[in-house]
Structures are given as structure tokens and as C-alpha cells.
Amino acid sequence: MKIIAGLGNPGAQYAGNRHNIGFMAVDALQRLPSFAPWSKKFKAEISEGEIGGEKVLLMKPLTYMNLSGESVGEAMRFFKLTPADIIAIHDELDLLAGRTRIKIGGGHGGHNGLKSLDAHCGKEYRRLRLGIGHPGDKERVHGHVLGDFAKSDRVWLDPLLDAIADNAAMLVKGDDSQLMNKLALATGSKPEAEKPVKVAKPAAQSHIHQARNSAQPKKLPETGPMAEMLKRMFGKKD
């Protein structure tokens, strides 16, 4: 069993906020045919269903962002799950809008929802980070995350949310590389590939130097006619 928790703030006034992109992603998953209507339990809106043959509990904590861990932790303990069974979907300031990353564990990076999950669930859960971009000025961050997405953002936001739902089985099974490729394809961004390792080449030699090296015998003959001739030429004595 897996818990997929979208992070956000409850209430109509926050519904369109950038900070609520985690809720939006879980809403997209809940629209899959296998999921039940939303109900309330564990201080959250929940919906049970299946993805790729595995039982999944979708959660939207009603505790507000900075107490999200209370809700998710309660469900984790109820079902006797571990942090490895939890997938948190959240907004990420440090990624360009529409870019995505996924990882296990790590720091909370100042995100209050993750900070709460760390405290109540442990740190070794998977995090699907959805980029909302940075406003460029620290003073504008609060207004940016609690501001609504612009109409122009729908160009990448809607395809991203659809792609998360369409490729939900990859999310649940941990096929992270394939999932990142699918999400990048949907938003028109390029997934970052590992940079090839540069192999050091031997220092280039001039053609003359190469010819000298190849023409020069590795060892001079010690006996025979050639040896006698060399002795006479260079005055080498026994």
C-alpha cells in the first residue's frame, strides 16, 4: 500500500495558489476511475483506490501546510506503513515553473509542509517536486507562493497534471527516470541527462616526433654484423 499526499492549504481562497499544486496533482489522480469519492479521515480529505494493482490512499491534509505531517503520520501509523510507503507531492521554488524532480529523503529546504512530514513521519519518503519558479527577490516569495497561477501558466500546468495522472503507475512503482521523461515531454522541457565522463587523451605529438619514435629501435643489437659496424662508427669498445 502507498500513501500519496498532496501538500497545500484547505479552503477555496487557497485553491488556485501555487503553494497548492500538490493538492492539484492529487485531485488529478483522484479523477482516475479506480478512486472513490473524497471523504474525511485522518484530519484530511482521503480517497482510496488502486494504481497499477497496488492499493493507494490519496490525501489532502486539512491541517494547513505547516501541520501536514500530523495528518499523514496518523494515516501511516494506522496502516502500519513506513516512510518508504509515502509519496509527498509539493511545490518547489527552486525549480523553474513546470520542471519536476523526484527524490527520496533529503532536507526540507525551508518548506513548512516537508518540515512537518519530517517531524511526524521521518525523512525517508519520496518527494515529487513540482517547480513553480522563484520570483527573484526573497521579499516577494510569500506573495508568490500564496498567489494564484496566472492564465499563462495553464500552458504547462494542465499538461503536467494530466501527465502525472496518466503515468501514475510509474510514480507508484518507483520508475522515476521514466516518469521524469514523461513529465518533461508533457511540459516541453528537457530532462537533465548525466554528463558524459571525459576521457583524457594522450598529448598530441608532431608527425616528426612520431616518426622518430617509431623509427628508433627499442634496443640496439649487441652481436652480429650490425653490432660490429656500430662499434667501428662510434668507437665502442668491449
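Placement of Cβ uses the backbone N, Cα and C atoms for every residue, glycine included.
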* To do: Scan 106-129, 202-225 against Swiss-Prot and say which stretch is down as region 'Disordered'.
  => 202-225
* Look up D91 (site 'Stabilizes the basic form of H active site to accept a proton') in the DSSP assignment and reduce it to helix, strand or coil. => strand
* Structure fact -> Listed in sequence order, the recorded positions within 10 angstroms (C-alpha to C-alpha) of Y64 (tRNA binding site) out of N9, H19, D91 are N9
* Within 10 Å of N66 (tRNA binding site) (Cα-Cα), which of the recorded positions N9, H19, D91? -> N9
* Non-local Cβ contacts of H19 (active site, proton acceptor) (under 8 Å, 6 or more apart, same chain)? -> G8, N9, M65, D91, I132, V145, L146
